[in-house]
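These notes concern the structure reproduced below.
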């Protein structure tokens, strides 16, 4: 099937419109916007090209003075490519263990300081509570002392009103002290008598024991004399 079957025209010819003017084809004579890269930049030498094989760049852009980063990167890559020695692995393990020990020590110190702060706070609270209780007890005792002093004054007043002046009270006090001294003296004498009687009794018991001991030691000799007499009589 071809275009002739559908009665289509020939599209290879240029279409010309009577209303649109024709423009000349001068696009091939236009100058390029960017100049020739080979003319703008110097050619790359073989020495620089060998250094920049691993770093491709856009065509026509060559650095006249390459930076020093390439050498540093190469050294870093070489250092990373070298496998670590066993000593380095041991040092790294020791370093890791040391860091772990320091971290554990730091945590334990933190926990200990927290416990110390808690105990200190509890101790301070207990001391404050005990101080408050002691102050309350002191206040109560002071009130009791004042009440006792008031009662003592009241009793003194009653005694002076009943027995007269202070001289009578002093006389009664002297009599009471004399009676108390006499009672204590009698008690001391009775105690001395009891002690002397107990000592005499102990001496008597000791003498009795000594006499019984002497009798028991002398009895075997008399028995022996009796036995010897009986033996002599039998021989005769």
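Each position is counted from 1, following the chain as shown.
Glycine residues also receive a Cβ, built from the backbone N, Cα and C atoms like all the rest.
Swiss-Prot lists region 'Leucine-zipper' at one of the ranges 6-20, 141-155, namely 141-155. Applying DSSP to the compositional bias 'Basic and acidic residues' (193-211) sorts its residues as follows: 19 helix, 0 strand, 0 coil.
Across the domain 'bZIP' (99-162), DSSP classifies residues as 64 helix, 0 strand, 0 coil.
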